[in-house]
Amino acid sequence: MADQRNQADKPTTRIPDDEWEAIVANVPLVSVDLVIRHEGGVLLGFRENEPARGEWFVPGGTVFKNETLTDALYRVADEELGVDVTIESRLGTFEHFYDTSDVEGIDSKHYLATAFEVTLDDDNLEMDTQHSQLKVFEPPYEGLHPYVERYLDALD
């Protein structure tokens, strides 16, 4: 299911902080996650922000209104890694429940995350501040965050 960009550079809008707080407090967030096959394993980032701070996790982010899932995936790849990716398959939609949040005064987050298996179009990665390190994990995958393990199970 190789897929290339179909609506690149479509304008999107970020939500103002006060509205974002209300959404996080009351609504599940729609997001995309990138399960990146690379060098015989899967590329993960060491998270510096909530949720999942201090864990090896897949790059990902929320979907903006009027943005397709695939356009969100391409945007996230560019913002978090500085590269283009090719979609190999859609792994499915997964529910994630966290007891932490990046929003002050809100103690949880709920995501409906659609995960995609992707490959990198370029090896020149440029991390953003959400990850302090990038590392390829090879099978057998052990000791990873349970949500990452669910994604890896879906690869097989």
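Every residue, even glycine, has its Cβ placed from backbone N, Cα and C.
With a 10 A radius on its CB, ILE15 (substrate binding site) counts 14 other CB atoms from all the protein chains. The annotation substrate binding site is assigned in Swiss-Prot to ARG14, ILE15, ARG47.
According to Swiss-Prot, the Mg(2+) binding site annotation covers GLY60, GLU80, GLN130, on the basis of similarity to another entry. Every protein chain considered, the tally of other Cβ atoms within 10 Å of the Cβ of GLU80 (Mg(2+) binding site) stands at 22.
Broken down with DSSP, the domain 'Nudix hydrolase' (25-156) shows 25 helix, 55 strand, 52 coil. Annotation comment: Swiss-Prot describes 25-156 as domain 'Nudix hydrolase'.
Residues or ranges marked as motif 'Nudix box' by Swiss-Prot: 61-82.
Each of the binding-site residues ARG14, ARG47 was scored by how many other Cβ atoms lie within 10 Å of its Cβ, and the smallest score goes to ARG14. Here the C-alpha separation of ILE15 (substrate binding site) and GLY60 (Mg(2+) binding site) works out to 17 Å.
Geometry remark: GLY60 (Mg(2+) binding site) versus ARG14 (substrate binding site), CA distance 16 Å.
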